[in-house]
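Scroll down for the structure; my scribbles are underneath it.
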Amino acid sequence: MAPLEKSKRLSTNMRYVILAFVFINIVINYMDRTNVSIAMPELSKEIGLSTVQQGLIFSAFGWIYAAMQIPGGILLDKFGSRIMYFISLFGWSLVTVFQAFISGFGQLMGLRLGVGFFEAPVMPANNRAISYWFPEDERGTAIGIYSSAQFLGLAFSTPILYGIHNSIGWRGLFVVTGVVGILWSIVWYIFYSDPDKSRFVGQDELKYIKAGGAITDDDLKNVDKHKVKLNSQNIKQLFSRRLIGIYIGQFAISGTFWFFLTWFPTYLTKAKHVNFLQSGFLSSIPYLAAFCGVILAGFISDQLIKKGRSASLARKAPVITGLLLTLLILGANFVSSPALIILFMSIAFFGNGLATITWVFVTALAPKHLIGLAGGIFNGCGALSSIVIPIVIGILVSNGNFSSALVFIAAIALLGALSYIFVVGKIELKD
């Protein structure tokens with residue numbers, strides 16, 4: 001009997017509720033990452049920020065976010081997704097509220113560093129929760145769905161955030177987005193538990209999850225979670241050739257994303273002279289395209305696995321194809337019509353979404369007791385893009401021309417594709 005057919009007979013399907021919770025977490029997460037880029041035009045005028053300072057503000061989040069990935073991964077392996085996610089979500093949301101009261105560059109810089117500090121465990125915590133709750137043959141779709149939240153959430157929230165900003169200003173924008181996160185963190189803490197501890201999961205669903213290869217506490221019974229040591233053996237496993245390959249790939253994939261998250265609104269308003277409110281709606285179109293790419297990637301990957309195709313083909317094909325599609329961002333350099341520019345941007349971001357299923361490789365390649373730490377390194381490499389991309393693009397566009405910036409994004413995407421083709425190699429699913 002097919003796993004999906006069997007799952008329909010279960011007394012509970014709590015794993016889908018958990019997936020919905022993770023989805024909402026990510027929507028709030030990325031809403032609080034992008035609000036500063038929406039606020040920046042008015043904010044920079046009010047407190048007197050130069051373009052160099054704006055670039056530093058855009059990248060500040062990534063500095064401590066990247067630095068905290070390994071410590072965050074260690075804490076996640078010790079305390080689990082429930083506690084770490086609550087602390088993280090509550091913390092960054094409170095700091096977001098504080099941003100409404102800044103009066104200068106230093107204050108905003110410090111608070112953006114604070115947001116990065118508290119958000120550091122988020123993506124590894126997402127991956128850990130899904131790895132605990134979903135069997136192997138459903139995990140690709142689950143990861144695809146929760147990964148799509150960053151795009152779908154931004155597609156629909158961006159016009160709303162522009163509207164909030166337009167109605168009550170940038171200070172009100174920070175207050176509203178922060179309060180939403182604080183309230184949701186309480187909901188998460190009350191309702192989330194790992195499967196073995198959940199009061200909402202039926203025994204038949206729990207058995208189904210375990211039998212399908214989901215990670216459980218039983219897998220870690222011989223591992224002292226409070227003493228995850230960085231000995232030579234663990235370090236060697238964390239930096240194997242294939243894991244290094246996905247670390248490079250994550251930097252490349254994140255590069256395109258951070259262009260859209262930071263500089264894309266400025267690209268539309270300054271380079272293409274689109275008015276503020278209209279840019280809010282145009283910005284949402286590539287996010288919708290990326291959302292479609294993520295959903296399609298997860299579906300295709302799981303279907304190939306279920307039809308007996310190799311894991312290497314099923315997992316890598318969407319990623320490599322997506323990275324190559326991202327190269328089409330260069331087409332925007334050769335057209336002047338806003339419609340064509342958005343078309344090329346949407347194709348490129350669709351490719352980026354198609355490639356975003358990469359978290360499945362952490363589960364497939366990392367030792368079970370090091371998934372949190374490997375996920376932290378993996379996410380940290382992606383976080384480097386949030387530092388490098390805004391600053392480099394800021395330098396490249398100092399003359400007002402974005403052409404070289406788009407070439408830079410395409411080159412990074414090509415590097416990622418080559419890494420998955422030649423460095424990662426064959427992927428085998430864990431038994």
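Cβ coordinates come from backbone N, Cα and C, glycine included.
Note that TrEMBL annotation is computational and uncurated.
The following features are taken from TrEMBL:
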- 12-31: transmembrane segment (TRANSMEM)
- 18-428: domain 'Major facilitator superfamily (MFS) profile' (DOMAIN)
- 51-76: transmembrane segment (TRANSMEM)
- 83-102: transmembrane segment (TRANSMEM)
- 168-191: transmembrane segment (TRANSMEM)
- 243-264: transmembrane segment (TRANSMEM)
- 284-305: transmembrane segment (TRANSMEM)
- 317-335: transmembrane segment (TRANSMEM)
- 341-365: transmembrane segment (TRANSMEM)
- 377-396: transmembrane segment (TRANSMEM)
- 402-423: transmembrane segment (TRANSMEM)
Query raised in the report: Where else in the chain does the transmembrane segment (341-365) make close Cβ contacts, counting only residues six or more beyond its ends and a cut-off under 8 Å?
Result: 123, 126-127, 131, 139-140, 143-144, 147-148, 150-151, 215, 240, 242-243, 246, 249-250, 253, 256-257, 260, 264, 272, 282, 285-294, 296-298, 301, 311, 315, 318-332, 335, 371, 374-375, 378, 409, 413, 416, 424, 427-430
**Report entry** Spatial neighbours of the transmembrane segment (317-335) far in sequence, C-beta under 8 Å, 6+ residues away
**Finding:** 249, 252-253, 256, 293, 296-297, 300-301, 304, 341, 343-345, 347-358, 403, 406-407, 409-410, 413-414, 416-417, 420-421
Report task. Could you give the residue numbers and ranges of same-chain residues that sit at least 6 residues beyond the transmembrane segment (51-76) on either side and whose C-beta is under 8 angstroms from one of its C-beta atoms? Result -> 33, 36-37, 40, 44, 84, 105, 108-109, 112-113, 115-117, 119-121, 124-125, 128, 228, 258, 262-263, 372-377, 379-380, 383-391, 393-395, 398
Query - Within-chain partners of the transmembrane segment (402-423) [C-beta distance under 8 Å, separation at least 6 from its ends] - result: 241-242, 244-246, 248-249, 251-253, 255-256, 259, 263, 267, 271, 316, 319-320, 323-324, 326-327, 329-330, 332-333, 348, 351-352, 355, 385, 389, 392-393, 396
Report summary line: In the same chain, residues at least 6 away from the ends of the transmembrane segment (377-396) whose Cβ sits under 8 Å of its Cβ atoms read 51-52, 54-56, 58-59, 61-63, 65-67, 69-70, 73, 123-124, 238, 243, 246-248, 250-255, 257-259, 262-263, 358-359, 362, 402, 404-405, 408-409, 412
Requested in this report: For the domain 'Major facilitator superfamily (MFS) profile' (18-428), provide the mean pLDDT of the predicted model.
Outcome: 87
Report task. Determine which residues of the chain contact the transmembrane segment (168-191) at the Cβ level, with the cut-off under 8 Å and only residues 6 or more beyond its ends counted. Result -> 21, 24-25, 28, 31-32, 35, 38-39, 42-43, 46, 82, 85-86, 89-90, 92-101, 161, 200
Query - Cβ-Cβ under 8 Å with the transmembrane segment (83-102): same-chain residues at least 6 beyond its ends - result: 25, 28-29, 32, 35-36, 47, 72, 75-76, 108, 111-112, 114-115, 117-122, 125, 129, 171-175, 177-182, 184-186, 188-189, 192
